[in-house]
Amino acid sequence: MRGRYRWRQLHSIKELRTNPNSYPSKKTLTQRRHNDKPRPVGDSDIKQWNMAISYYMRNSQLDSALHFFNLMPRRSSVSYNAMISGYLMNGRFDLARNLFDEMPERDLVSWNVMISGCVRNNNLAAARELFEEMPERDVVSWNAMLSGYAQNGCIDEARKIFDRMPCKNSISWNALLATYVHNGRMEEACRLFESKLDWDLVSWNCLMGGFVKKKMLVDARRVFDRIPFRDKISWNTIITGYAQNGEIEEARRLFNESPVRDVFTWTAMVSGFVQNGLVDEARETFEQMPQKNAVSWNAMIAGYVQCKRMDMARKLFDKMPFRDVTTWNTMITGYAQSGEIAHARDFFDRMPRHDPVSWAAMIAGYAQSGYSEEALRLFVDMKRDGERLNRSSFACALSTCAHIAALELGMQLHGRLVKAGYESGSFVGNALLLMYCKCGGIEEACSAFEEIMEKDIVSWNTMIAGYARHGFGKEALKIFESMKAAGVKPNDTTMVGVLSACSHAGLVDRGMEYFYSMNQDYGITANSRHYTCMVDLLGRAGRLDEAQKLIRNMPFEPDAATWGALLGASRIHGNTKLAEMAAELIFEMEPENAGMYVLLSNLYAASGRWADVSKMRLKMRDTGVKKVPGCSWLEVQNKIHTFSVGDSCHPDRDKIYAYLEELDLKMKREGYVSSIKLILHDVDEEEKEHMLKYHSEKLAVAYGILSIPAGRPIRVMKNLRVCEDCHNAIKYISKIVGRLIILRDSNRFHHFREGSCSCGDYW
């Protein structure tokens, strides 16, 4: 009879699952309750109700579960626990906690379930409160709290719980060991490990894996040699450790000794060869593999991609029997990094499914290849497709905005970042910070800097360099002092920013003090970039003899950038002889450096040495050097408008030229005089003045005044250094129109306001 009843019970539950309507109706239950001869509900009946509740909860049918819970003629603690577990399983912590508080009687399982739910919801305070209220605890209760602290990085709290435990099981020991290992606290992990003898194999592998992750291979090998019985994971971990850290021969020897090899063992060797640049050895191992999975194929394809052997990567890709999204992404990244953007786009369009990595790789490819507008267009398409924007996508898009100075679009991205919750992290935060700095929004950059919760060295360096490029040297040095006060140690890039800030602001004595003390104060040895900053600092200040002496005393040969700094300073101060000497040395190192030819030509033209200007032109022609055409651009309503000298292509050209003529008359009434000495052509003064009037930056500024509403800054970018005449003219324009004009040239930012520039005419 008992067997037949059990069969009917199981059959009943099966029927209820397939046909939920077969559960007792409310009417039936009411009739049962008011029967002339009521009978108590047996445990087997309650069990069926509980199983029904669990079934509905597993299928996320919370309302149905609650409906049957409410209809139950009698409930046990199991009924409540099933409901609480179900709510927690479906992310309804609030409902679980309410029901827990309403329970007439709680058993140990109820407390443990609720504590585990608090832990999963990262509410450790609530978990600890419940834990302390428990009338009794078992090892499950203690382990729940231990795991909660461990998962949230509260290592010391986890240890306190561990030490208080009256009884520990293997889960307790393994949880604490894993906590130490995953947080890199290997000394404490070792002490814990040595305090117990009967560790299981999982624990041995965990400890060894921790040493491998920290690149402590001697310690990892010591653990490996002590393991009483090794499995595949043991061998794979140690082989991978040696392979990834450049000890490929030892990895190969262990691979040959390994008594058991699975696809992961073979793949570890393939990956090891790839990471050590031995792609042919990787291919030989790959061909010997008895079986391959997607990871094996991807590792081999990645090896060819890293070596820029895209033809071999493509052949392997075509042979691959099963491709996953990683395979496609690897090929897209490879083609993009090789400059074959058309092939990358072909793969992107053909892949069955995109993920955030695919989009980010393609956006980065366009940006790195100079197709900034395509990169931003793809970013917009990514959002339109409903793809979740990840950190890499945002960083690539922000980098592209920085490159083309698309501030308005960058600010829109900032808004999306805030909604996505990424703005406080250093990775995206630094990209946002760099975008604002390069787009001329130094105040916005300062705000973005403050929003970064955990600033890293890149954050501080970006802000220092940003202030330096904008000519706010004193502000840059304040950030530097704050950085040191925050306990962040400066690196060589930091000091380049600091010295550059001193150079742009004319703080010669401060700059020299930093330069000569950085080795003693911060352990930083001066490199060529630091010396170039110092030559620029001294040269701009007119201390050309000191700049030359510094170059002669450099512990290594000066490079073209260092001589270029001296050449630039010589041009500023009209020292033609010194400029010629520096230029000749630069031409030997970089014969195709068009910028240096132009600088020297400018100096000759300013001195009226037209024969030498002609010689420079002939020299450029004979060496095949072409002057980079100057252009300026600005962003208006998310569109980039580009201008070249004497531009006649812009649709509003007539309006722009008419307005420039009007401005020219107003400027002359204020005292403006054209710097005609800067024209590198031996023509009459009237023609020179006409040639200066329509430089690209003046056209861009005029269009900005006409198109951008009053009260908003006009931000113009130029690919070359701004000329002296344009610099002088824009000062006058800023006073006449009462607008803030921010100009970024190839060297720095200029903030023009009320007839003066932030550089103090020192650039």
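Easy rule for this one: first residue shown is 1, then count along the chain.
Cβ coordinates are placed from backbone N, Cα and C, and glycine is handled just like the others.
Whatever TrEMBL says is automated annotation, not expert-curated.
Annotation comment: TrEMBL describes 18-28 as compositional bias 'Polar residues'. Feature annotation from TrEMBL assigns domain 'DYW' to 671-763. Here TrEMBL flags 18-44 as region 'Disordered'. Here TrEMBL flags 76-110, 138-172, 231-261, 262-296, 324-354, 355-389, 456-490, 527-557 as repeat 'PPR'.
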Model confidence over the repeat 'PPR' (324-354), averaged pLDDT: 90
Within the repeat 'PPR' (231-261), residues counted as helix, strand or coil by DSSP: 23 helix, 0 strand, 8 coil
Dominant neighbour of the repeat 'PPR' (262-296) in 324-354, 355-389, 456-490, by Cβ pairs under 8 Å: 324-354
Outside the repeat 'PPR' (456-490), six or more residues from its ends: residues with CB under 8 Å to it: 426, 429-430, 433-434, 436-437, 440, 442, 445-446, 449, 496-498, 500-502, 504-507, 510, 518, 522, 524, 748-751, 758-760, 763
Distal contacts, the repeat 'PPR' (324-354) - CB-CB under 8 A, six or more residues away: 294, 297-298, 301-302, 304-305, 308, 310, 313-314, 317, 361-362, 364-366, 368-369, 371, 385, 387
Helix, strand and coil totals (DSSP H, G, I; E, B; other) for the repeat 'PPR' (527-557): 22 helix, 0 strand, 9 coil
For the repeat 'PPR' (138-172), residues assigned helix / strand / coil by DSSP: 26 helix, 0 strand, 9 coil
